[in-house]
Amino acid sequence: MIYKILLLALLVLLSIVRNDLVLTAVLAFTILFSFVVNVKLNIKLLAVVLLLFLIFITAFISSFFESPNLNDVLRDVWYLLKPILIIYAAYFITSKIKDKEYLFRAIIYIGIIAAVLHLLKVVPDLLGQSRRIAEIRASSGKGNIVEIFSFTFLFLNKEVKYFKTKNIKYALYALLLCSIIFYFSRTMLLLLFMVIFSMKGYLRLTFKSLKYLGILIIAFFVFFGVLNRMNLSAEDVGINGFLYKIKIAPSEIIKTDIDINNHRDLWDHFRAYEAIRAIETTNKNGFRAVVFGNGLGGLVDLDFEVKLSGKMLQFIPIIHNGYVFVFFKSGIIGLLLYLLLLFMLYLKVYNVNGNNNYLITRRLISTIGIYYFFTSLVITGMYNPAETIAVFLGAALFLETYFKKQQSNKNELMEINTI
């Protein structure tokens, strides 16, 4: 029972409550407890942890060549070690839970709870006077990835496995979908389709999947062509305001010619601007910084003060672009290690033979890799302060080996029975 409670605590603290102090206490207890309990670490977990730890070590060594503030160093230690600690803790907890499908039920239930809480906040805002989308999101929430995986697991489960009737299941579909839509998040909507497609195995590169991908790309260009013809403004409210955010999404990430004296241009493309400043700061610090990064405690100089999270800041420790963030902290070496990790996770979708649980687990790991490939462009990927998917990854790394061994034992038994 204690292990189930610990797993729920991790999911709740990362997706609903989001309290770093309590999360630190839970992680510390779990990891210390794992040292006195027998736990077997498989090579797949060690490979993931090693790559992440090498990124941390690279940044750690590089910081000795700078003069960072101690508080900034400690904050970066938490940013870079947090995914490792969560992955290990989730792996350990899952290895001790007898019901190996508990993870999927927990994700479904936590997602439903998160959706209910979100709708209780957002519905009054929607029914009130017209407000800008940014204001609604600021007061009711900007997104919750657990809801997407909750919806996906319900959608993929053809049986009425976790609920008494199909009607309840359909009602939960509607509940989760409404909540996901009402986050008014471009990232959430794109991830919803991406996660479902990936869990169905459609993002495995085959002739069929490339055909579907081609159709989606054409639809993407047609959609943005229509948006660019629409007269949309940043001052629009409601659905038009959301469509404007979708319209500027690509340039928000990659635009380079940003007029910092134009407040609207700067704010619409701030993610691109902070990434540019991080790269320029690194280049300014020389060859060592480019190869090994600016180290723990390194701060991105924005060139002027801007109001972020209620504070006026010129130097910031973290940015939206996860690839540039890793590059800034640990250089080209860290970035290559990060890309290797994501590619390694994605490859789990290939060469899958075995029972349904093993197949689903491999696809889940691959989906997590794809998820990080995308979110590293917009919300810092694995190093997002509110990152939840590391729990799924740690648990899935254990379940993959467990279900593979289970399948091997069944095959051996079948061979014996045929003799």
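Heads up, residue numbers simply count up from 1 along the chain you see.
Cβ atoms here come from the backbone N, Cα and C positions, even for glycine.
As recorded in TrEMBL, the features of this protein are as follows:
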- 6-33: transmembrane segment (TRANSMEM)
- 45-65: transmembrane segment (TRANSMEM)
- 77-95: transmembrane segment (TRANSMEM)
- 102-120: transmembrane segment (TRANSMEM)
- 170-197: transmembrane segment (TRANSMEM)
- 209-227: transmembrane segment (TRANSMEM)
- 322-347: transmembrane segment (TRANSMEM)
- 359-379: transmembrane segment (TRANSMEM)
- 385-403: transmembrane segment (TRANSMEM)
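Contact check: the transmembrane segment (77-95) against the transmembrane segment (209-227) gives fewer than three Cβ pairs closer than 8 Å, residues 6 or more apart, which falls short of the contact criterion. Highlighted: of the candidate stretches 6-33, 45-65, 102-120, 359-379, 45-65 has the greatest count of Cβ pairs under 8 Å to the transmembrane segment (322-347).
The list of residues near the transmembrane segment (102-120) in space but at least 6 beyond its ends in sequence, with Cβ under 8 angstroms from a Cβ of it, reads 4, 7-8, 11-12, 15-16, 94, 140-141, 144, 146-151, 153-154, 162, 172, 175-176, 178-180, 182-183, 392, 395-396, 399.
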